[in-house]
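S.K.: Questions regarding the structure given below will be posed in turn.
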Amino acid sequence: MNKPIVFTKESIKQAGEALSKGGLVAFPTETVYGLGADATNPQAIKKVFEAKGRPSDNPLIVHIKDPKDIEPYVNEVTSLHHQLMNQFWPGPLTIIFEMKNGAFDPIVTGGKSTVAFRMPDNEVALALLNENSFPLVGPSANKSGKPSPTSYEHVLNDYPKGEIDGVLKNSEPLTKIGIESTVVYPKKGQVFILRPGNITAQQLEDKGFTVTEMTPDDQLESGQILSPGVKYTHYSPEQPVYLIAYPKTIKEWRKVITQLSKDEKIGVLADESILKELDTNQIVSTYSLGQKGDIKEHTRRLFSGLRALEQTKATIIVAQGLKETQENHGFMNRLTKASNFVL
């Protein structure tokens, strides 16, 4: 098989043609790279599941270029849906709708009666969507279970043997946000958060919405797993990840590193204030999350850091946990899922 083609803004027409022929093209969004396929072509979507190794009951998010594009596929766009779209689209918010019967093949929805839509806030993604009349499914373009890709190189690393047709290069080295979208289900006057992300409960409440956050356990108990990224293991590199829970002093960090380095080769994922204080003789590699307190940069670099350390000689990854706040919630949700141990 041929290696995936690297498309650019100049060759975006060819990327669109590949999709129109039932091919798979990874594309950048402001969150992470998505693995694109024609959302109206079940055979193309089947290839998405095969390439990723994705469980078939894990629903997909459908990406659109204009809010009007949802109308042929949904039963109703309620006033609550309209308010959310007006406030947060284009952007990192996925909104769940009740689907018209048979509007999408069950492979898109995981056999459910609902469908999730998002309008990305990325000029390259929107340009790709404008190449064809159909919407695109776009699950994160990683092999299932791995950290989501935030650069085109990450995608190429995951699909070296041509399992996908190509990847569309972003205008920036890393995607802007670095973790997947917030997923919400508007129902009975409330906005239920099914998956945390860059848009927080506080931001929704500040816009006047009544918000309830549902944990994976809440959703499992209800028998309603309507969101991707909830039911299955995600975001994990090859090596075990040790999460250093907040708060830890530098003295406590050094003690942990000293203890672990007796048996392991350590890679460290942390901010600059911690990295500069550690004994480099006990560490084989580091990846900086940026300056202390810069949560946007921490989040942007999280998956890139896990992937970079995975490629080193480290046998374990020690990662910095943050204080659990609204702003840090998306970061901590992804890092906790990636972690094997909490210290």
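Glycine too: its Cβ is placed from the backbone N, Cα and C atoms.
Okay, these came from TrEMBL:
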- 9-199: domain 'YrdC-like' (DOMAIN)
- Thr31, Ser181: L-threonine binding site (BINDING)
- Arg54, Asn58, His63, Thr114, Arg118, Ser140, Ser148, Arg195, Tyr235: ATP binding site (BINDING)
S.K.: Excluding near sequence neighbours, so keeping only residues 6 or more apart in the same chain, what lies with its CB under 8 A of Tyr235 (ATP binding site)?
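M.R.: Result: Gly145, Lys146, Pro147, Ser148, Phe303, Leu306, Arg334, Leu335, Lys337, Ala338.
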S.K.: Pairwise over Arg54, Asn58, His63, Thr114, Arg118, Ser140, Ser148, Arg195, Tyr235, annotated as binding ATP, what's the top Cα to Cα distance to the nearest Å?
M.R.: 25
S.K.: How many whole Å apart are the CA atoms of Arg54 (ATP binding site) and Ser181 (L-threonine binding site)?
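M.R.: Distance (Cα to Cα, whole Å): 18 Å.
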S.K.: For Ser181 (L-threonine binding site) and Arg118 (ATP binding site), determine the Cα separation and express it in whole Å.
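M.R.: Cα to Cα, Ser181 (L-threonine binding site) and Arg118 (ATP binding site) are separated by 9 Å.
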S.K.: Look at the binding-site residues Arg54, Arg118 and tell me which residue has the greatest number of other C-beta atoms within 10 angstroms of its C-beta.
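M.R.: Result of the Cβ crowding comparison: Arg118.
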S.K.: At 10 angstroms around each C-beta, which of the binding-site residues Thr31, Ser148, Ser181 has the fewest other C-beta atoms nearby?
M.R.: Ser148
S.K.: Distance between Arg118 (ATP binding site) and Thr31 (L-threonine binding site) at the Cα atoms, whole Å?
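M.R.: So the alpha carbons of Arg118 (ATP binding site) and Thr31 (L-threonine binding site) sit roughly 11 Å from each other.
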S.K.: My understanding is the cutoff is Cβ-Cβ under 8 Å with a sequence separation of 6 or more in the same chain; which residues meet that for His63 (ATP binding site)?
M.R.: Thr29, Gly34, Gly36, Ala39, Phe117, Arg118, Met119, Pro120, Ala125, Leu129, Pro135, Leu136, Val137, Gly138
S.K.: Reduced to three states, what secondary structure does DSSP give Arg118 (ATP binding site)?
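M.R.: It is in a strand.
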